[in-house]
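**Student:** For reference, the structure I am asking about is given below.
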């Protein structure tokens, strides 16, 4: 009976937290004025076009093309914007004011962030069953930047949601030897990922790696190709059904350009003002600045770190420097703890048997690495934008290693289990306090109740 009551109490706490995330992010969405977030005016053009004309736009349509950049977000996956247009249509039956339509367009970001909270809770309880789960959940969902991207029109919120979806399917797939239910779930998560942001695509490679290692090496019978191919093709079939339409459409309307990236650059060179033309963009590579010069001389690492934790508006609304310093200590502590347990984390062979846990961590680390590589590559070779939100797709696995490392240090330095849990509790309080301060001490005082005009 006592066990049942504790389990029920835990479920109620989970539900309360998820509801809190929804309300909290919705508050941010309500307060932040239109276009006080990165490129929201360009992003909003896409759902507004779909809402107004009932059709998907060509990325180069002059009705949505930015006069400075010469392009639009219509060249990139627009599933999130389709959802926004649907909410705009529903809300328009009650009010078609600018405020109502913008709020409606922001709702998918709010819902995707809430969905991320659902999976973060599930993942936290799976990966940290004894202690530390709420520290993991808090770090994932109350990171100020993660809350911020849930409050305006973008693809980032859906990308983060897709990564949480995928990681949870990895865990359940491995546990169930890839029951078809979780194969289908992985396919849906991958589909959301494919139709979100390209900087989250590392999870697709990690999914293939983890699935293959699990199916071929870590079952009772090794190298069973028949179930591997059967379930693998099942996953790929669902992914193609859910995402193929977008790339086929691109191929047709952009003369064979499946991704739309070449066409995007073509329109940029054709219509952008000179300093924004892709071929003339003064990125570090074009200007002869070395990678080290970009990372340190141009403070790329510093700026990406700060905006990963939380920088709002158009990268011009900051938190107090002390908050960044404490987060740096937390992340550094997590990294040191992981280094101590490096062999334990990434061992893939033990007692002549393959170790699935090691493959899982390699896949997690690859997802983190590829996300940051794509962010770095884009800034160096394409357009210098040192923004931490481009690294946010690493949030789910990254925070696992932060918490794992902190737990390792706590276990080494503090022998009393109750005191260890007290440390985790204090960190949860800090993370929650920063999230609340970000809204009540930064966002609300800056914007107040600003009405859209």
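Every residue gets a Cβ built from N, Cα and C, even glycine.
Given the structure is predicted, the values throughout are model-derived calculations rather than measurements.
Reproduced below are the annotations present in TrEMBL:
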| type | residues | note |
| --- | --- | --- |
| TRANSMEM | 16-34 | transmembrane segment |
| TRANSMEM | 73-94 | transmembrane segment |
| TRANSMEM | 100-121 | transmembrane segment |
| TRANSMEM | 133-151 | transmembrane segment |
| TRANSMEM | 157-173 | transmembrane segment |
| TRANSMEM | 231-248 | transmembrane segment |
| TRANSMEM | 322-342 | transmembrane segment |
| TRANSMEM | 354-378 | transmembrane segment |
| TRANSMEM | 390-410 | transmembrane segment |
| TRANSMEM | 422-444 | transmembrane segment |
**Student:** Can the transmembrane segment (322-342) be said to touch the transmembrane segment (73-94) if we require at least 3 CB pairs below 8 Å and skip pairs under 6 apart in sequence?
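**Tutor:** With fewer than 3 qualifying Cβ pairs, these stretches do not touch.
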**Student:** Relative to the transmembrane segment (390-410), which of 16-34, 73-94, 133-151, 231-248 accounts for the most Cβ pairs at distances under 8 Å?
**Tutor:** 133-151
**Student:** Counting Cβ pairs closer than 8 Å, which of 73-94, 133-151, 157-173 has the most of them with the transmembrane segment (422-444)?
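**Tutor:** The stretch I would name here is 133-151.
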**Student:** Of the listed stretches 16-34, 100-121, 133-151, 157-173, which one has the most C-beta pairs under 8 A with the transmembrane segment (73-94)?
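**Tutor:** The listed stretch sharing the most Cβ pairs with the transmembrane segment (73-94) is 100-121.
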**Student:** Return the stretch with the most CB pairs under 8 A relative to the transmembrane segment (133-151), choosing among 16-34, 100-121, 157-173.
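**Tutor:** Answer is 100-121, with the largest number of Cβ pairs below 8 Å.
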